[in-house]
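Taken straight from Swiss-Prot:
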BINDING   ASP492, ASP498  Mg(2+) binding site
DOMAIN    559-618  domain 'KH'
DOMAIN    628-696  domain 'S1 motif'
Amino acid sequence: MFNEILKKVDWHGNVLSLSTGKIARNADGAVLASMGNTSVLCTVVFDKNTKKDMDFFPLGVYYREMAYAAGKIPGGFIKKEGKFSEYEVLVSRLIDRSIRPLFDSNFRNDTQIICTVMSYDPRYSPDILAIIGSSAALAISGIPIVKPIGAARVGIVNDEFILNPVIHDNTGVNELDLVVAATFDSVTMIEAQACEIDEEKMLAAIEFGYKSLKPVINAIEEIKSSIRKDIFEVTARPHLRYNDEILKHFSSDIKSALLLQTKNERNQQLQLIQQKVIDYFSSKANSEANDGDDILNIEKALDDAKSKIFRDLVLQNKTRIGNRAVDEIRPIICEAGLFNTVHGSALFTRGDTQSLATITLGSSTDEQIVEQLNKCERQNFLLDYIFLPYSVGEISPLRAASRREIGHGWLAKKAIQLVIPSKDVFPYTIRIVSEITQSDGSSSMATVCSASLSLMEAGVPIKTHVAGIAMGLVLGEGNKFEILSDISGCEDHLGDMDFKVASTKNGITALQLDIKVQGINLSMIESTFRQAKIGINHILNVMNNTISCPKSELSTYAPMVQTLEIQKEKIRDVIGLGGKVIKELCKTFDVEIDISENGEVKVWGNVGENVKKAVQSIENIVFVPQIGDIFDGEVVKVIESGAFIKYVTGRDGFVHISEINDTHIKDINAHVKLGDKVKVKIIGIDHKNRVKLTLRTDKEHCKNKNEQYNDITTTTGGVKKKIKIAPKEAAVISNRKYFD
């Protein structure tokens, strides 16, 4: 019944399986890609009617992780998959960026690719299989693509490159997490997060991944040849008939406009030129330029003319938009500490692109809980990228983060992640918000710079600055090409590449490559790295001139934290029955208290004195009471034979009527009342740890019983006091402060 075609490939020690013809047979292309027990179903469907009014390729890519793939039922009130997670959006973009350069430039048909994780094996990541499966599904769909691609992940283990490292063997991903997509002869996409890897080593890693893809691409070609589906025919776009005439009459005007230095000046001039071009063709006899479709074709032809003139400027004169040299960085202005009540802020302006970054420091309860198929983790570093419509002088509704915003924010986060201190060094949850207040290209890399500046201004102990730069490419005939540093929005649109590089002074922390051509070679990547390093060093110098090291103190508006380590068996004492003790502490001192399973206690609050008092109370709770210790207590209950005194939070002791004072007492109520503040001394502890107290706190009263204990001095909340304690029974192991 099924005409299944199955291809298995031995790929560097793993078996890659590609199957088609069994599942989703109504799709134009459907491939089940598997490795180990991870399987991803990739489907392609395209509209057979060409959209003539489209000036872009309407491609939609959707990656979906189904909970059943990992044997789970979705959490939450509604037990089914909801909106796409950030990770699903990021993988969708990864697939899109890998395959988009493959399509025929004249193909303008609605196309949808859906990748569904059907089965999940924790050893093998489904994102690589999704890219490979999408490439294979496209190859058999009948869509005109130039050539298929493969994809691979590269890690580093023991200073050696490893292909597709096992997910839960983190040693292969900690130093480098690189994804490369490529055809037989060129690279189409790169995505990387790295621990300050130098350019030479990064290039070698890209080459290693690129050269490993041959068996994958061969397998896709074999499946394609087995299917032999007719290729959908595309026609040349009708706007091409206007190109020569536009270049003949308007080249000089377009060139002058492109050389203007500011974005607004260029856009205004280009708008005037566009109207002149439309008027020119409208005035001609038998013109169709008043027709809506034909006006759109004229605009497309004008765009082609701008692209050709831009390319000629770069390749022939080494001059670019804004009259810059190919390696020239736009003017940079950095400012730190703009707002008093936020915990940290910085403004980074590069040409007509501007990012305003703000820092918020929070407690461990502010950490983001992220659920994926293979794990549920808490993230204490968050970065949000917000692209505001006024940044490009436009009006649009303010909605939830777009896929583009999620992708740009994630790239900036990966670039900065390396320098973020560990929780042991800096226990705060850190949230960075980058708002793009002005945009003319490279806003994600401006976010990297503003985020780094704001972290130092906030006093977060990062070890060094991270800077980002977007590199462009203009391809000429033969092997001729030029690399552009710090591309503007127009250069991104008219050029062939957007290669984002983030780095410290020591090495690369993140990469992202998008291209509009069929691929680029390793020589172009090497030239990009070399030129990007010069640009990044320049940017780092400007940033260091503004602020070169973290401030010594946090903002007075930031929360304060003090950490204690207590014995595990004392955790229940701090929490209390039904959480009574910890709730009382939080309410009394207006603090948050976080207790981990290993006995680490963090106390958070906005008022330092309250934090210190809460810590002192916790130390009192876990403190092992010893005979002779003196406390300030409160009468909580009075009975005929004596009174119960709360001598520390959560701890009561009993004072017999005979221990109220040295005289005989007939009526205890005449001497102590509920709520009285009294000074008490421990004079006995029975086998059930019940504490016997006295109000007669003279030293001689317990002189002999104290001899077995040592006098030590401890510091609690910055206040020294002498206590009696048996060293082996100490419950407070250590006390760390993160504020003065």
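Just so you know, glycine gets a Cβ as well, placed from its N, Cα and C.
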Number of other Cβ atoms within 10 Å of the Cβ of ASP498 (Mg(2+) binding site) across all protein chains: 22
Tertiary neighbours of ASP492 (Mg(2+) binding site) (same chain, Cβ under 8 Å, six or more apart): GLY441, SER442, ALA470, GLY472, ASP498
Overall pLDDT of the domain 'S1 motif' (628-696), taken as the mean: 88
For ASP498 (Mg(2+) binding site): DSSP state (helix, strand, coil): strand
